[in-house]
Amino acid sequence: MKIGLTGGIGCGKSTVSKLFRERGFCTIDADAIVHELLSKDEATIEAVVALFGEAVRSPSGGIDRAEVGQRVFGDADLLSELEGILHPKVRSTWEAAAQTGGDWLVEIPLLFEKKLQKNVDITICVFSDPQTQVERLEQRGMNRTQALARMKRQMPVSEKAELADFVLLNDGSLEFLAEQVDHLISNIKNLQIQ
Ligand SMILES: CC(C)(COP(=O)(O)OP(=O)(O)OC[C@H]1O[C@@H](n2cnc3c(N)ncnc32)[C@H](O)[C@@H]1O)[C@@H](O)C(=O)NCCC(=O)NCCS
Ligand SMILES: Nc1ncnc2c1ncn2[C@@H]1O[C@H](COP(=O)(O)OP(=O)(O)OP(=O)(O)O)[C@@H](O)[C@H]1O
């Protein structure tokens with residue numbers, strides 16, 4: 001089974017993914033695939049340097065993500081060009097992994113924006129209030145303007161929740177989140193049996 005996990009930035013996707021991993025699921029994260037490509041994949045690195053210039057090359061030879069992030073979230077056309085370089089490679093990587101059998105949870109921030117829901121069996125949205133999203137991002141060192149710029153590039157999380165098969169509420173404690181994950185997994189297992 002392939003589960004697509006989505007939600008807004010800072011809503012708690014990686015936290016949910018870890019809970020599923022601890023409960024026996026295989027997991028893969030589109031953001032982590034992007035990071036790998038930008039640090040090690042020569043073809044990707046050269047394409048990104050061709051788009052933004054040498055200033056985005058980091059001293060270690062990969063791409064300086066903070067520098068690219070500063071440039072793209074305020075410029076929809078540039079972001080779209082960057083996505084054009086990365087998305088086909090990201091998608092083929094997670095699809096290949098999830099084809100190996102077993103129960104997979106695939107973390108895809110832009111699952112609904114990019115209409116990828118048909119490529120998974122079940123969709124889950126992790127929901128947090130936008131104020132909570134901003135507070136979590138600030139705690140991670142992003143300023144409010146940067147946080148809002150990224151959120152503006154995403155479908156509102158309330159719309160994602162409407163589109164998803166299941167919703168996890170993540171404005172409360174981590175214990176409350178874990179309880180919801182336990183319920184959800186038993187529901188999913190029941191669906192598999194029927
Ligand atoms: C711009 C980049 C270099 C910034 O890197 P950085 O380490 O600061 O952020 P990171 O990759 O960890 O992303 C954190 C979050 O930002 C948001 N975000 C990232 N890319 C996008 C995008 N294209 N549109 C909207 N939100 C995005 C997501 O919520 C994501 O979970 C990087 O995010 C990137 O290359 N983005 C384009 C590829 C993409 O669409 N990635 C999303 C998953 S496929
Ligand atoms: N219920 C919670 N209580 C307290 N802190 C939380 C809770 N859920 C998540 N967090 C914290 O909020 C931050 C964002 O969570 P997480 O990284 O899981 O979100 P994300 O959706 O994967 O973010 P991104 O979109 O940036 O990849 C993390 O530091 C995480 O530890």
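Start at 1 and count along the chain as shown; that gives each residue its number.
Every residue gets a Cβ built from N, Cα and C, even glycine.
Per TrEMBL, ATP binding site is recorded for Gly10, Cys11, Gly12, Lys13, Ser14, Thr15.
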Packing count at Ser14 (ATP binding site) (other Cβ atoms within 10 Å of its Cβ): 17
For the ATP site built from Gly10, Cys11, Gly12, Lys13, Ser14, Thr15, further residues of that chain with CB within 8 A of the site's CB center: Gly7, Val16, Val126, Ser128, Arg136, Asn170
Listed binding-site residues (Gly10, Cys11, Gly12), ranked by Cβ neighbours within 10 Å, top entry: Cys11
Lowest local Cβ density (other Cβ within 10 Å) among binding-site residues: Lys13, Thr15: Thr15
